[in-house]
Amino acid sequence: MGNYDEDTAFLGQNGPFFIILFFLLNGVYISTGLHSFYIVFVGASPSHHCRIADGNLSEEWMKASIPNEIVDGKLQPSQCWRYSLETVRKLSAQGYSPLEVNLTDITLETCVDGWSYSTEIYHSTIVSEWDLVCDSEWRVPFASSTLYMGYLLGSLVSGQLSDRFGRRKVFFMSLAAEALVILAQSFSNSWLLFCVLYFFVGTFQISVYITAFVLGNEVLSESLRVSFTSLGASLHYCFGYMLLPWMAFAVRDWRSLLRVLSGLTVVFIPLWWLIPESPRWLLSQGRVLESEAIVREAAKKNKVSAPEVIFIQSEVQEAASQNKIHTWASINIGYFGLSLNTTNLNGDPFLNCFLSAVTEMPAYIVSLLLLKSCPRRPVLSAFLIIGGGFLLLLQLIPESQHTLALVLEMAGKFGFTMSFTVVYIYTAELYPTVLRNLGMGLCSSAARIGSITAPYIIFLGTFNKYLPYILMGSLTIASSIANMFLPETFGKVLPETLEQMQKCKRFIRRDKHTLEEGEGTVIVKEEKM
């Protein structure tokens with residue numbers, strides 16, 4: 001395959017074809033932002049205590065039936081224990097008041113009659129509907145992890161399907177399937193069914209994200225490519241993320257919220273007729289005429305003349321790919337861990353989620369400015385150190401300084417968001433067209449180890465609130481060091497073939513390449529730099 005950018009240079013850089021496609025693809029990322037973190041509200045745990053199922057008890061005795069316990073230095077009603085209801089009934093029947101009895105002498109029992117949940121913030125969540133508290137509390141982080149388990153499958157499968165059947169088909173099929181599964185999830189009648197469907201939400205959601213990312217990376221002009229991969233897609237994802245808490249604030253029933261999120265996807269139906277297939281992918285499949293047809297249509301919209309012959313040669317190479325982006329896992333642990341932790345912070349959960357999303361906007365803008373002029377490798381390492389460093393500082397903040405702790409956590413989120421932006425474009429620049437979607441899928445699959453474990457790392461905060469931050473910070477600092485061994489891609493042409501990709505090696509430079517025709521043996525002399 002020749003150099004696609006050179007062959008299509010006559011299209012220009014900022015014509016109407018590229019600009020319209022830029023905004024259409026960006027619009028899709030609003031839906032991915034909306035769908036990525038709805039578990040924060042759907043799986044939120046309202047204030048609760050044991051239900052006292054006895055209408056004969058006075059209000060005074062009903063309140064006294066719940067013991068107080070110290071949590072994070074604060075005295076609050078127990079969420080999992082109550083005083084023996086049989087003993088309380090006897091004391092009440094004998095005419096005693098709670099003030100006349102030493103309540104601590106009464107035997108404790110579990111919430112055998114279930115729980116009563118506050119509806120002050122959430123009208124309904126999966127926690128309040130299926131009693132996912134106390135001994136069943138582990139089911140909430142497990143439900144969150146099923147999304148990322150789906151990411152793992154979707155990253156693997158979508159890359160292979162997209163490289164075989166095309167970016168456009170897989171993209172739209174995944175978009176439609178995600179909306180239908182979210183709708184079906186709103187009718188779940190059990191926690192198990194909710195988790196199974198959430199797995200498939202993750203499968204199709206990551207497929208939409210990666211396929212749209214690769215499609216834009218391959219179709220857009222060179223100047224718009226960096227803007228799309230660093231600012232466009234990420235910023236519109238952030239818009240959706242920021243919109244989510246306001247929608248959750250307006251629709252506080254979890255089933256209704258899912259139906260609203262699913263229904264909004266219908267606005268993307270017209271995009272089927274507006275977004276073309278990737279000409280690069282068509283060319284890699286030997287479908288030269290179809291590729292040229294799209295390029296000529298682009299030339300028509302950009303009001304430029306296309307040459308009689310656009311692509312002179314088309315050589316498809318089959319090759320295997322090896323995952324090189326080991327930093328993906330630690331970035332995912334930090335980013336998704338902090339995003340899922342917003343309802344555990346002090347203050348209003350809707351506002352905390354919104355602030356977490358707002359923090360991403362300046363991160364995307366800074367990333368765009370740096371990516372246009374700076375090498376990828378040192379920038380990514382610097383961002384990882386920023387994200388991990390601020391999290392490690394959290395344990396040094398006094399417990400009374402809630403605002404300062406929130407600022408540091410948001411600063412850590414800022415670093416992880418910038419890392420996420422860089423690692424996506426970095427990976428897309430490493431892999432050639434014939435393997436790009438598969439390569440992105442493999443790297444994203446490796447990253448799912450991080451995102452699957454993220455909910456459990458946050459769950460460790462129930463034992464020690466600083467432990468999640470220490471783990472996330474340490475892993476991130478370590479990955480920043482490993483990242484320095486990756487090859488640099490800044491200023492290099494987007495590779496089309498595996499051979500072009502191999503020229504990007506960091507430590508080896510080929511000085512001579514000769515071919516002996518008699519034996520068909522390739523002799524390569526390599527010099528260490």
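Even glycines carry a Cβ here, placed using N, Cα and C.
TrEMBL lists 88-491 with the feature domain 'Major facilitator superfamily (MFS) profile'. Averaged across the domain 'Major facilitator superfamily (MFS) profile' (88-491), the predicted model reaches a pLDDT of 82.
Annotated transmembrane segment per TrEMBL: 17-41 (among others), in sequence order.
Residues annotated as transmembrane segment in TrEMBL: 191-214 (among others). Sequence-distant contacts of the transmembrane segment (191-214) (same chain, six or more residues past either end, CB-CB distance under 8 Å): 25, 28-29, 31-32, 35-36, 39, 126, 130, 132, 139, 142-143, 146-151, 153-155, 157-159, 162, 167, 170-171, 174-175, 177-178, 181-182, 184-185, 229, 233, 278, 424, 428, 436-437, 440-441, 444.
Taken from TrEMBL, the feature transmembrane segment applies to 226-244 (among others). Beyond the ends of the transmembrane segment (226-244), by six or more residues, the same chain brings 22, 25-38, 40-41, 212-213, 216-217, 220, 353-354, 356-358, 360-361, 364-365, 367-368, 371-372, 417, 420-422, 424-425, 428 to within a C-beta distance below 8 angstroms of the stretch.
Annotation comment: TrEMBL describes 256-275 (among others) as transmembrane segment. Long-range neighbours of the transmembrane segment (256-275) within the same chain, counting only residues 6 or more positions beyond its ends whose Cβ lies under 8 Å from a Cβ of the stretch, are 20-21, 24-25, 27-28, 31, 34-35, 38, 41-42, 168, 171-172, 175-176, 178-180, 182-183, 185-186, 215, 247-248.
Beyond the transmembrane segment (349-371), the same-chain residues lying 6 or more positions past its ends with a Cβ under 8 Å from any Cβ of the stretch are 33, 37, 40-41, 44, 121, 226-227, 230-231, 234-235, 238, 241-242, 244-246, 248-249, 338-339, 342-343, 379, 383, 406, 410, 413-415, 417-418, 421-422, 425. According to TrEMBL, the feature transmembrane segment maps to 349-371 (among others).
Per TrEMBL, the feature transmembrane segment maps to 378-397 (among others).
Away from its own ends, the transmembrane segment (403-426) comes close to residues 213, 217, 226, 229-230, 234, 325, 327-328, 331, 334-335, 338-339, 341, 345-347, 352, 355-356, 359-360, 362-364, 366-368, 371, 376, 379-380, 383-391, 393-394, 397, 440, 469, 472-473, 476, 486, 489 of its chain (Cβ-Cβ under 8 Å, at least six residues beyond either end). Annotation source TrEMBL lists transmembrane segment at 403-426 (among others).
According to TrEMBL, the transmembrane segment annotation covers 438-460 (among others).
The transmembrane segment annotation in TrEMBL covers 466-486 (among others).
Counting same-chain residues at least six beyond the ends of the transmembrane segment (378-397), those with a Cβ under 8 angstroms from any Cβ of the stretch are 327, 330-331, 334, 367, 370-371, 404-405, 408-409, 411-416, 418-419, 422-423, 426, 466, 469-470, 472-477, 479-481, 483-484. Residues 11, 122, 125, 143-144, 147, 175, 178, 182, 198, 201, 205, 208-209, 212, 215-216, 219-221, 224, 227-228, 232-245, 247-248, 254, 257-258, 261, 264-265, 268, 271, 274-276, 297-298, 301-302, 339-340, 342-343, 349-350, 353, 357 of the same chain, all 6+ positions outside the transmembrane segment (17-41), place their C-beta atoms under 8 angstroms from a C-beta of that stretch.
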